[in-house]
Structure formats: C-alpha cells, structure tokens
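Working notes, beginning with the structure itself.
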C-alpha cells in the first residue's frame with residue numbers, strides 16, 4: 001500500500017473552537033450572493049456569474065487581529081461555487097480556503113456557507129476574493145482590503161483600489177468546454193480589459209452605456225494617494241501608465257509592505273497586487289491652468305494581440321473641466337514592451353521579522369524542480385495544429401478539477417482528517433517530489449524547500465508566461481531568469497538583500513517561439529515548512545484557462561497527525577466532511593458551524 005493510514009488520534013479542541021448553529025440570531029459581517037445574471041460589460045450584455053449583482057463585486061474590508069464572518073449564498077442554478085480569499089488562505093478557518101476538492105467541498109446550488117477569516121498583524125494589504133470553480137473567476141471577484149490594526153507603515157491622504165479584469169463575450173461554460181474538448185478550442189484573447197468594470201474603449205459621449213467608458217479616478221491636488229492595483233484578469237498581464245505622473249513608489253506587493261521602490265509605470269499579472277504611492281500635482285499646476293485631467297493608458301503584454309483601454313485621472317477643482325469628448329488618437333503614454341525585468345531583485349520586505357526568517361541556501365534541504373509545458377492527452381500535433389485534447393502539465397502530469405470531480409474525489413484535507421491518508425514521502429522522492437498515487441507533493445515539517453518552476457515550450461515550440469500562485473503561507477521570491485536555475489549564482493543576489501514574501505510571481509517567457517520541447521526560463525521560491533503552515537494547499541498558474549487545462553499542483557505540508565491536530569474533534573467538524581453537509585445551510589436548515597477563532601463568536 002502506497003499511502004500511510006494512521007489510526008484516529010485524539011484531538012485537543014475545546015480551547016480553540018465552539019460548535020454552534022448559525023440561526024437567525026447570527027449576523028455575518030458580510031453577505032455575498034453568487035448569481036447568474038445578465039450584466040453589461042464593454043457595452044455588451046453577457047450572462048455572467050457575479051457576487052451581489054455586479055462585477056466586480058462589493059469591496060470587503062477586514063482588520064488585523066479581528067475575526068470576520070462572510071456568508072456566501074449559492075443562487076446559481078445547477079452550479080457549484082466557492083470563494084477563495086486570494087493571498088489570505090492561511091488566515092481562513094479549516095475547510096475555508098475555497099479550493100474545491102483540495103481544502104473543502106464546494107457550495108451546492110441552493111445552499112450557503114459561512115467563511116471565517118482572521119488576519120494577523122503583518123497581513124495589512126491588498127487582496128481579492130474570487131470563485132475557484134471552473135472559469136467563474138472571469139466575472140466573480142471583488143476587492144479585499146486588510147486594514148492595519150496599528151499606524152500604517154506609510155502616510156497617504158487617500159486610498160484607491162483599482163481592480164483589473166478581462167472581458168470575454170463568450171460565456172464561461174462555452175469557454176471551459178472548448179478548453180477541455182477533443183479537439184481543443186482556445187478561448188482567444190479577451191475582447192477588452194476592464195478597470196473597476198469599465199473597458200475604456202469608447203469616449204464618454206459615444207458610449208451606449210457606462211460599461212465601455214473610461215473609469216474616472218478622482219483626486220485632489222497636493223495629496224498623496226495609495227493606488228492599489230489588484231489584478232483579477234483571467235489571462236492578461238497589463239502595463240499601465242498615467243499621463244504626466246511618472247513618479248510612482250511601490251510600497252506593497254501581494255499583501256507585504258516593501259521598502260520604497262521607485263518606478264514609472266504599473267505592471268500587474270493575474271493574481272498579483274501592488275500598491276503605489278502617487279503624489280498629485282499642486283492646485284496651482286492643475287486648477288490654475290487649462291489641464292486638470294490626465295489619461296491613464298493600459299495595454300496587455302506577452303500575448304499574440306495587444307488589448308488596450310483608457311481610464312482618466314480627474315482633479316477636483318473649483319472650475320470643473322468637462323470630460324474629454326473623445327479618446328486620444330495616439331496614446332499620450334509610451335509603455336515598454338519589456339516585462340521580465342519589472343521589479344526583479346528590487347523589492348525587499350519592510351518586516352524585520354520576516355527578513356530575519358529568510359532561510360539561506362545552506363539551510364535548503366530539498367529542491368523541487370517542476371517543468372511546465374503543454375501535452376496532448378489525445379490526438380497529435382500535426383502541421384502546426386494541436387489536434388486533440390490539450391493539457392498543461394507539471395513534470396508531465398496535469399491536475400484538472402473536472403477530472404478529479406468525475407472521479408468523485410474527496411477533498412485532500414478531508415481525506416487526511418477522516419482516514420489519515422497522506423502522500424507517500426518516500427515514493428515522492430523517487431518521482432521528483434510528486435507522489436503519483438495521491439497526485440500530491442508532500443513536505444515534512446522542518447524542511448526548507450526551493451521550488452523551481454521551469455518554462456518549457458512543449459510540442460508547439462511556443463512559450464507562454466505563467467503567473468504562479470501559492471495558497472497558504474507566502475514564499476520568499478528568489479527571482480527569475482532565462483535558461484535554468486543555478487542556485488549558487490542566484491544566491492549572490494541575497495548577500496545584502498532579502499527578498500519579499502509573495503504569493504503570485506511570473507514565470508516569464510524570453511522568446512515567443514523556438515525549437516520544440518526546450519526549457520528556457522525559471523522562477524524560484526523558498527519556503528520553510530513549520531507547524532504554522534501545515535495543511536493541504538494548491539500552487540497553480542493564475543491564468544484561468546491554464547488552470548482549467550491542468551496547470552495546478554496540490555501540496556501537503558506535514559504528516560497526518562500534525563495536520564489533524566490542527567482541527568477540532570467531532571462533532572465540531574462533522575458537517576464539513578460531506579458534500580452539502582450540515583455546515584452548509586439551506587432555506588430550511590440552519591448550518592452547524594465550527595467557530596474556529598475565539599475573539600468573536602456571534
């Protein structure tokens with residue numbers, strides 16, 4: 001037998017859990033309703049899965065050291081849904097990461113689930129929430145801001161979240177079916193890129209409705225603003241510049257405060273978040289003259305076609321300037337085509353605690369190298385055409401949500417909890433870190449891993465870029481480069497520099513096309529496995545199409561005894577162990593919920 005089965009172990013639960021029915025007296029802090037609605041995006045009606053009727057959904061505000069309850073209703077006919085708290089996986093209660101078939105069962109149609117989240121000191125920053133089922137993320141997302149419990153690390157006068165999204169005219173189901181079909185059908189590029197739901201493709205006076213107008217960012221003169229760029233795009237990496245406002249300072253990346261880093265433009269990929277400080281012009285400069293409005297230009301990068309749009313930075317002046325009659329004939333901002341050098345080896349964490357905890361190369365116990373490329377699971381590549389079923393694979397092995405669902409897979413975390421089933425560590429060492437039986441990567445508490453993603457161009461010879469995202473605790477981002485990873489050479493960067501903790505960084509491409517099956521490009525992470533980050537976590541490409549096609553991995557940190565010791569004993573968790581169990585409420589049945597954190601029990 002290739003799995004280890006451990007006998008049920010005693011649990012110490014009472015100290016950190018209460019088992020309660022969430023009846024009519026329970027009042028969640030936020031309510032999200034997932035529905036299938038016809039909404040206008042890019043001035044076209046689209047049947048879309050949304051939260052609370054809009055895309056993006058409402059902004060959620062959390063605070064460090066406070067527990068927040070968020071109730072999610074699934075009112076989508078015949079569809080599951082989950083919500084993933086992107087960048088805050090480690091702060092969600094057990095069975096609440098939002099990853100179906102990994103950390104929890106999805107929420108069935110007609111039911112609801114109460115998510116419990118508690119950020120800690122050091123988590124203040126920019127995040128977002130989104131569905132983690134199929135292609136739903138393309139419209140089912142919203143901003144999530146964690147506020148500082150203490151005085152913020154940087155001073156600013158205003159705080160402006162800006163969510164970036166992709167717009168596809170085709171509906172989710174059509175796109176997903178094409179990606180999984182035989183023969184495979186690619187989704188194509190998005191029809192538009194949106195900021196705060198606006199595509200910026202039409203002028204204020206020509207647009208049939210506001211959804212294709214530029215989004216307007218209102219500012220006051222002589223102030224400093226924190227611009228939080230949050231990318232919920234399905235596919236697009238964007239470059240963005242603000243006319244006549246090139247002096248930006250990065251102060252945060254993926255929820256981690258950074259030492260200030262000067263830059264003249266924004267670059268953000270699916271799943272990434274950056275905060276930039278921008279000082280506005282004086283009142284004399286803008287309100288005393290004839291120009292108080294400035295174009296914001298954004299363009300996609302590293303894709304076959306450039307998708308672009310505009311937003312507008314508008315100053316508040318006593319003399320109100322009318323909105324521009326038309327979009328610029330030529331862009332007033334020139335954006336670089338170079339992507340792979342953006343802030344590489346430039347972002348150092350502000351947290352002295354995290355900087356001191358950075359493991360050196362001499363502490364690394366194991367390096368796991370994962371080569372990413374396309375494979376054909378049926379058919380063949382003939383005359384430049386992928387004629388068959390296409391998957392994205394890690395070391396030759398795809399992980400597809402639909403395949404696992406068809407196999408009626410029980411979520412990994414629940415398998416561990418109920419049966420003590422964990423990946424076989426010895427077998428994994430024989431297969432480049434991967435256990436082929438459980439289809440998971442195991443790691444032991446005490447290990448320090450270097451995880452190296454390699455970009456291979458597969459049978460077509462074409463490279464893509466991949467924004468790689470880690471669930472659970474963030475990783476020290478070791479940088480990236482062309483060719484393959486050389487640990488000794490790369491470690492030289494860290495003699496007087498400590499990389500910041502991140503959860504989403506790019507595996508870049510360094511050429512468009514080359515000799516097939518060639519590896520050129522790497523991204524490396526470092527993580528220490530401790531008692532704090534034990535659990536079952538995903539690491540995957542945050543391009544939604546690639547994840548649907550199999551570019552995902554599951555990691556199990558810790559052994560069964562350690563993982564199960566993190567959970568309360570039955571009956572506290574009984575309702576989480578089956579699909580639609582008693583932890584999932586209905587119109588007629590109130591849920592029985594494990595209140596995991598102790599500072600707030602409604």
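Any Cβ shown, glycine's included, is placed from N, Cα and C.
Noted in Swiss-Prot for the protein shown:
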SIGNAL    1-17  signal peptide
DOMAIN    38-149  domain 'Plastocyanin-like 1'
CARBOHYD  52  N-linked glycosylation site
CARBOHYD  80  N-linked glycosylation site
BINDING   84  Cu cation 1 binding site
BINDING   86, 130  Cu cation 2 binding site
BINDING   132  Cu cation 3 binding site
DOMAIN    160-317  domain 'Plastocyanin-like 2'
CARBOHYD  201  N-linked glycosylation site
CARBOHYD  247  N-linked glycosylation site
CARBOHYD  337  N-linked glycosylation site
CARBOHYD  383  N-linked glycosylation site
CARBOHYD  387  N-linked glycosylation site
CARBOHYD  419  N-linked glycosylation site
DOMAIN    421-556  domain 'Plastocyanin-like 3'
CARBOHYD  424  N-linked glycosylation site
BINDING   469  Cu cation 4 binding site
CARBOHYD  482  N-linked glycosylation site
CARBOHYD  486  N-linked glycosylation site
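Structure coloured by features recorded in Swiss-Prot.
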| residue | record | DSSP (3 states) |
| --- | --- | --- |
| 52 | N-linked glycosylation site | coil |
| 80 | N-linked glycosylation site | coil |
| 86 | Cu cation 2 binding site | strand |
| 132 | Cu cation 3 binding site | coil |
| 201 | N-linked glycosylation site | coil |
| 383 | N-linked glycosylation site | coil |
| 469 | Cu cation 4 binding site | strand |
| 482 | N-linked glycosylation site | coil |
Tertiary neighbours of residue 130 (Cu cation 2 binding site) (same chain, Cβ under 8 Å, six or more apart): 83, 84, 86, 136, 137, 140, 141, 142, 232
Between residue 424 (N-linked glycosylation site) and residue 337 (N-linked glycosylation site), the C-alpha gap once rounded to whole angstrom: 45
Other CB atoms, at most 10 A from the CB of residue 482 (N-linked glycosylation site): 13
Listed glycosylation sites (247, 387, 486), ranked by Cβ neighbours within 10 Å, top entry: 387
Tally of residues which DSSP labels helix, strand or coil - the domain 'Plastocyanin-like 3' (421-556): 21 helix, 58 strand, 57 coil
Glycosylation sites compared (52, 80, 419) - the one with the fewest other Cβ atoms within 10 Å: 419
Candidate with the highest Cβ count within 10 Å, taken from the glycosylation sites 201, 337, 383, 424: 201
Pairwise Cα distance for residue 387 (N-linked glycosylation site)/residue 247 (N-linked glycosylation site) [Å, integer]: 48
Cα-Cα distance linking residue 419 (N-linked glycosylation site) and the residue listed as 'Cu cation 4 binding site', given in Å to the nearest integer: 29
C-alpha spacing of residue 337 (N-linked glycosylation site) relative to residue 201 (N-linked glycosylation site), in angstrom: 21
